[in-house]
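Engineer: Take a look at this one; I'll ask things after.
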């Protein structure tokens, strides 16, 4: 029976069951199994996430360990900088120009005394210059050109100069000044450096054997000086202290030799009768084994799972329920496991879970799957579900590995319309490629279609999500509750949350999977770190010299130096505040180097911190001399084209030759910086991927096709976006693709949160002043225009109706314009924070502003067209017909303009934007690419059509009247008549002429300028935005003021108003 075999003996190409070959039955299906593109296929056919491949040498995810098994002797093609020219050949030879190059060839220009060899306990230089000045002694302090020495005659310490090193004269006990006597040819890492005196065989012993109580030398000179143990040997590669041997008492040896009768389990003694003290032995088996002696393996599923979250959920505590289910109508949950997940705590954790079948053996007619439910721990809100089918049902044991990406809290939970879900709702699996669904049952109901009732016995404040095969309710417990029914209370965080976690941190009880040695964990707010949030994050202030051209978005590379490894790199994107030459960063991870990267690989060395201080303010100034040039600027073309393994041997030369004028440099593979060591200027380099990108696990938070970038490939703390052309903003949420500029995108980032208006930027204050002026002029203009045109005489023709409607739209446009600016200002200053109000204004104000502005501009175009028609028709113009047409046109225009904008509110939404301590709420549009094209076309149509109508109407009007006069006055020059007609009809020409003139700047900005890629380009676009609102503010000036008729009508209205006022006062 396969139950008697180890599970690794199933499908191992070895027949163990001779009778029916059951252990190798159907195994061919594994061989033809194909994994997904983002998975690694083990040799046994198992699929694991590619991220688990070669991620941990100590723990394998493949059952056959092929994901971590590496060749024993792996040839190295890349090497750390500290291993170059260190005396040990580690690179395979590379044939370069018919010469074999390794890391130890052509080392003439390599300094033997450098940051890696200095004081490492090994003489890398011929006379040990790299080991001078390394030890402090109680009675002696040797200079940087002397070595410590024990005189052979007196056994006293002294200092000898470098001139006496390797001069073929033994001056020190053990010939420590003549290392060549004990060193093998070509090998400098010789630990047997103590030469016994007067030894016929020239015996050399290890320094660790000195003063160990045993005479290793013939004359005992290795035991003659005990004071040597006073030396500080922290940097030595070998110890001179005797080792201690830990011995186990015999009783432990006896216990280890005893045979465990319970195999993989634990033996228990059970009392059967208290009176006669009778007992028996039994075995407590782990889930994976069963039997009287735990000798049989359970059919089971072994899971290895890791989780990832989006940027908005890194501090969200989740409850994750992992269940083994079948496809029966009862949808039996055979076994399940519950765990808590917190990204800031568990991002590197792999959770190992065993799930067993409820019946033994499992049914071969059923299909089994792993079902994962995810809930938010504090609110118990449902987040997502995942389904992982178990393939190859003939296997008794399955080993599966998954990476589960928890969707964002803003992602819409896809529901479905399965009418069979009687007492529940249909939900789509988040990882389903074929849109698989399941019925999420209400509390008290279970089964495939939620038709089987059960008694939910979970606590009242918990959530009941199902029934296990043991007829036990599955409960999701709230915070500070635990147990199968959530009836037990964990008081650790309820005693005093402020005493557990400091500085506003949130206390959560420990999870058995995550922190078995701790009772609680603190989720720290921005700005604090530590187990109890007791440490303030490091505040880094970076100031740039004025002559450095700063791009708005920069990369900041933090590098932590780790011995015998490449530096640990963390990279963030940072937006430099507009018109500022400094920025402040709060950083919690250790670092030793900071590099700033502008556009086009423009690097600057911003900081070197030799000893990292966890909580301290760090200020640095980036100077022009900190710029890192490419090696093309330091070496000639021939040198640059050399192979990297040969070229890198000369990388100390730039720092030596350029002295203090060079801080750093880089090539295609390395990033290097200069440092000082004992009057030398040397180079240190490390591998650096200049094109490294992290795609946010394929779940981008960026809008409009922006590229998502994380600060770390494993445990990211920050996400940033690299925007496509013509898009900008922290999340690339704003578009400047020629048309449809948003005031949010142009001005929003200039408004600083939590700062009063007096201390806002100049652009904000100028915009505020212009807005106030526009509102005042707009209301005065609109009110006077309405008074002037609300007249029966004027409204006898269509032009009068257009003007009256225009005066109304002017007032509405002014109102919407004022509301738009003030709400944006107050919201970004965080004075208005009500989300419902912000959502309503997001949907309505921009839409209404767009409708009213377009309506006003089309009414002006209609006025220009009608006036042209009047001139052309002259006596044949009919007022009644004109009025009737105007009424129809106004209605059609209203419907047309609204219909061309009606889609806009449906694609508007609020977006939260939090970077460090700067959190904002934006109103953005999320158009598809096709809808964006349509939106651009609509904007272009309104703008260009109106501009063309006004321009053509103006030209037709002037040319028509000029030709009519030219026919009558043959003796007058046409140009004179043309100018004269402009004077005669100036009251008609002013309006379209002004509108055309005001349209030219917007036309130039729209078509001649490049699109806005950052906030630094905002001034030009802000001017264009304000210019678009000037025409509605000038209705009275361009239509009433130039016309005697309109002024006369306005005068009569004014006279009537004065008369009514006088009568009212007289009656009082």
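Note that Cβ sites are derived from N, Cα and C of the backbone, with glycine treated the same way.
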Engineer: Taking 859-881, 1020-1042 as the choices, which stretch does TrEMBL tie to transmembrane segment?
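Structural biologist: Within the set 859-881, 1020-1042, TrEMBL attaches transmembrane segment to 1020-1042.
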Engineer: Pick from 914-936, 937-959: which range has transmembrane segment per TrEMBL?
Structural biologist: 937-959
Engineer: Can you say which of 768-789, 966-987 is given as transmembrane segment in TrEMBL?
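Structural biologist: Matching range for transmembrane segment: 768-789.
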Engineer: Relative to the Cα of residue 426 (disulfide bond), which of the disulfide-bonded residues 47, 450, 524, 533 has the closest Cα?
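Structural biologist: Closest recorded candidate to residue 426 (disulfide bond) by Cα: 450.
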Engineer: Tell me, if you would, which residue among 416, 426, 450 (disulfide-bonded residues) has the fewest other CB atoms within 10 Å in the structure shown?
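Structural biologist: The disulfide-bonded residues 416, 426, 450 were compared, and 416 has the fewest Cβ atoms within 10 Å.
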Engineer: Near residue 533 (disulfide bond), which residues of its own chain have a C-beta under 8 A away, given they sit six or more steps off in sequence?
Structural biologist: 501, 502, 503, 504, 505, 522, 524, 525
Engineer: Where residue 35 (disulfide bond) and residue 416 (disulfide bond) are concerned, what is their Cα separation in Å, rounded?
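Structural biologist: Each residue's Cα considered, residue 35 (disulfide bond) and residue 416 (disulfide bond) end up 29 Å apart.
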Engineer: Counting only residues 6 or more past its boundaries, what in the same chain has a CB within less than 8 Å of a CB in the transmembrane segment (768-789)?
Structural biologist: 757, 795, 800, 803-804, 806-808, 810-811, 813-814, 817-818, 821-822, 825, 1026, 1029, 1032-1037, 1039-1040, 1046, 1049-1050, 1053-1054
Engineer: Counting only residues 6+ apart in the same chain, whose Cβ is under 8 Å from the Cβ of residue 441 (disulfide bond)?
Structural biologist: 421, 423, 424, 447, 450, 465, 466
Engineer: Taking a Cβ cut-off under 8 Å, which residues six or more beyond the ends of the transmembrane segment (801-824) line up next to it in the same chain?
Structural biologist: 743-744, 747-748, 751, 767-768, 771, 774-775, 778-779, 781-783, 785-786, 788-790, 794-795, 832, 838, 841, 845-846, 848-849, 852-853, 855-856, 859-860, 862-863, 866, 883, 886-887, 890, 1029, 1032-1033, 1035, 1039
Engineer: Can you give me the same-chain residues 6 or more apart in sequence from residue 47 (disulfide bond) with a CB-CB distance under 8 Å?
Structural biologist: 33, 35, 36, 39, 40, 41, 401
Engineer: Quick check on the disulfide-bonded residues 35, 524: which one has the highest count of other Cβ atoms within 10 Å of its Cβ?
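Structural biologist: The largest 10 Å Cβ neighbour count belongs to 524.
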Engineer: Taking all residues of the domain 'EGF-like' (412-451) together, what is their mean pLDDT?
Structural biologist: 86
